[in-house]
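Below: one structure, written as structure tokens.
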């Protein structure tokens, strides 16, 4: 299958449009179409927040499952056998033009389990696809540096539909939810931490990131959670992705990888503390974080891992660390952050860059492959979209992906919020358990703001 032959792509058409507040427009799009996305930047740091994009009704949807690719196109569905589904995607990432950012292409998510296609590792397939992308050939782009809003189209011009939606007002929805309990009890999670520490003491690994999750039964408007999350935890990577029955809502602080005009960058985050109640307390907590030898050692380890990952696909001598161990603050937590860059080697593309860093060391551990094997044995449940990546592969060869954390992953009437903590030799199990709770706090607070709980006599069965 050749996407360029099927879609008969034109040169990009770009038209400036007057717009209301971006999210207000997206509410109308979300309620009108079965599949849509909003990739939004809500951070003053322009190094992380340059553009916001939204799109609707993709040309096709592509899903990867064990052994085959599934393509939905113009009302039909086809399946193709494949050993590595990511090779199928290369036809969509052929560089075409010099435009910056996203100019149409694949928008979607990659599940954590897809790491088995990038490295020799035995991970059990999850109940989510290994990846799921919509091919979006038009959409709306917001440039936060210039304040401009543009409609971009590579095929059919659907600007009249957008113009109609601009005149509509869609009321805020309401979400109802009921907790189905956590994936691991406190006692079991503490035991997992102890076992990971034993593996570290035996020299198998230096670090492993162990996660816990809370499952929910959902009713009502999933977008209400995103609207609340925008207020509670504005972040450089805000997203709401709806592809049929699956929706992912999140506010990730962490870039997995960005490729733009052959330049590669990533921002490893490791080292976490809660926010203070006052600016003075914030500074005190940050100073304590930056003097914590355990946190500093963990961060250094993950910066080195990021440097090694980029080194696999970068021109010799181009990998640099222009920003090292700075504090980045969000609504409920503050982190230590570094910036690692490189220049893509000749013959490599955005998929090579994605494969080199996936999954992030900050959600797996070091050495990465052995850490993932230990995580698989201890957690025993596929992570699915959590700790994978969400973003775009643009038809101009660019890519931008966030790590799928600080998110609700929903399918049908069920949703899951998951968060992890990095375990090292000096970890205190109770403290790591609390760190998982702190990292999930922004999404949990947003759930409370977006709606309320409901009671039901209906039995609930967790998807395990």
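Using the three backbone atoms N, Cα and C, a Cβ is placed for every residue, glycine included.
Sequence annotations record features per position, and here Swiss-Prot assigns L-tryptophan binding site to 41, 236, 237, 238.
Counting every protein chain shown, the Cβ of residue 272 (chorismate binding site) has 18 other Cβ atoms within 10 Å. Look at Swiss-Prot and you will find 271, 272, 386, 406, 420, 421, 422 tagged as chorismate binding site.
What Swiss-Prot records for 298, 435 is Mg(2+) binding site. Long-range neighbours of residue 298 (Mg(2+) binding site) (same chain, six or more residues apart, CB within less than 8 Å of its CB): 207, 270, 271, 422, 424.
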Completion exercise
Filtered by Cβ under 8 Å and at least 6 apart in sequence, the residues in the chain of residue 420 (chorismate binding site) near it are 209, 210, 211, 212, 363, 387, 405, 436, 439
Exercise for the section: Out of the binding-site residues 272, 386, 406, 421, 435, give me the one sitting nearest to residue 238 (L-tryptophan binding site) by CA distance. Expected result: 406
Practice task
Determine, using Cα-Cα distances only, which of these binding-site residues is closest to residue 435 (Mg(2+) binding site): 237, 386, 421.
Solution key: 421
Handout entry: Whole-number Å value for how far residue 272 (chorismate binding site) lies from residue 237 (L-tryptophan binding site) (Cα to Cα)
Key = 18
